[in-house]
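What follows is one structure encoded as structure tokens, with my remarks underneath.
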Amino acid sequence: MRIGVVNDMPMAVELLRRLVLSTGEHQVAWIATNGREAVEVCRRDLPDLILMDLAMPVMDGVEATRRIMAETPCSILLVTASIESNLADVYEAMGHGALDAVDIPSVGIEGNASSQSARLLTNKIATIGKLIGDAPTKAKRRMSRAAEPTPRRLIAIGASAGGPAAVAAVLSAFPVDFGGAIVLVQHLDAQFVPGLVDWLGQHTPLPIRPARERDSPQAGTVLVASSADHLVFKSVQQLGYTPSPKDNVYRPSVDVFFESAAQWWPGSVIGVLLTGMGRDGARGLRQLRDKGHLTIAQDRATSAVYGMPKAAADIGAAVDILPLSAIGSRIIEACERST
């Protein structure tokens with residue numbers, strides 16, 4: 001891949017340059033020292049992937065991500081110091097379409113990256129490379145009702161790039177007494193899930209927490225996949241995690257969860273596929289539709305990255321293709337109709 005580096009610190013730039021070249025599979029397309037410069041360079045030389053810092057002069061990484069995804073969309077990996085202390089910015093950038101985030105590798109005495117932190121970054125780059133091969137970027141292809149103790153309706157949501165903001169928009173539409181059980185599979189490292197849960201909790205009156213082994217979906221509660229393994233139903237209404245299929249590049253996989261819900265959930269399912277790169281979730285959404293469940297895909301105009309919803313639309317997996325602003329109300333309408 002051709003990779004752009006956006007960072008204002010010379011030592012960090014050199015470290016990232018070495019790591020990009022160390023695999024022998026990638027090249028540094030260009031280096032920008034602030035967000036505005038990156039936006040301008042992308043207009044004339046769009047790389048396959050951008051390694052984007054967050055805190056920079058002139059224009060920060062959040063605003064640069066927003067502008068790049070609006071003007072010349074491409075894959076963006078946030079690489080910055082201390083993600084834990086910048087979670088709000090991380091999720092805002094992901095809401096604009098950044099794929100993932102990782103701490104910049106620590107530097108040893110000799111100025112080299114520590115092996116563990118360097119391996120984490122190169123693994124993420126390799127994973128994104130597989131996603132890009134699976135689905136090119138857009139630029140390259142230029143209700144309110146009483147809660148039930150045992151829910152009959154499962155709201156299964158899948159999302160990837162741009163997902164946090166899209167999920168927040170959907171959840172914010174639900175009333176405090178919403179009766180459906182909600183399970184979210186968002187492509188995100190497990191270490192960031194607690195921060196995502198806290199951030200989403202600011203946008204919904206519903207309780208929200210990471211999904212644990214043997215959890216049961218509860219009416220009016222949001223459970224979020226929180227492992228590098230796949231979230232599945234291991235029995236009727238009981239969740240768990242499994243490493244299989246091990247060769248699935250998407251971890252946790254939306255397809256795996258949707259297919260599991262189609263097999264095990266005893267009531268009705270509303271499958272929702274939001275913005276994201278690649279095709280994950282399309283096949284599972286189709287399986288839900290084939291079993292008579294309501295399925296919804298986000299439309300092109302409101303998707304930060306129109307990959308996963310497009311894949312669903314292409315195979316006829318979605319009963320409804322809706323703008324983000326209409327998805328929450330459509331779910332509420334369907335739930336009220338079934339009461």
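Positions of Cβ are set from backbone N, Cα and C atoms, glycine also.
Feature annotations, courtesy of Swiss-Prot:
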type: DOMAIN; residues: 2-119; note: domain 'Response regulatory'
type: MOD_RES; residues: ASP53; note: 4-aspartylphosphate
type: DOMAIN; residues: 149-338; note: domain 'CheB-type methylesterase'
type: ACT_SITE; residues: SER160; note: active site
type: ACT_SITE; residues: HIS187; note: active site
type: ACT_SITE; residues: ASP280; note: active site
**Item:** Among ASP53, ASP280, which are recorded positions, the residue with the most C-beta atoms within 10 angstroms of its C-beta
**Value:** ASP280
**Asked** Using C-alpha atoms, which one of the recorded positions ASP53, HIS187, ASP280 comes nearest to SER160 (active site)?
**Response** HIS187
**Asked** Over the domain 'CheB-type methylesterase' (149-338), what does the predicted model average in pLDDT?
**Response** 94
**Asked** Can you tell me how the residues of the domain 'Response regulatory' (2-119) break down into helix, strand and coil by DSSP?
**Response** 53 helix, 27 strand, 38 coil
**Fill in**
Cβ contacts within 10 Å for HIS187 (active site), all chains included, total 27
**Message:** Rounded to a whole angstrom, what is the C-alpha distance between ASP280 (active site) and HIS187 (active site)?
**Reply:** 10
**Request:** Specify the count of other C-beta atoms within 10 Å of the C-beta of SER160 (active site).
**Result:** 29
**Prompt:** Where HIS187 (active site) and the residue listed as '4-aspartylphosphate' are concerned, what is their Cα separation in Å, rounded?
**Reply:** 20
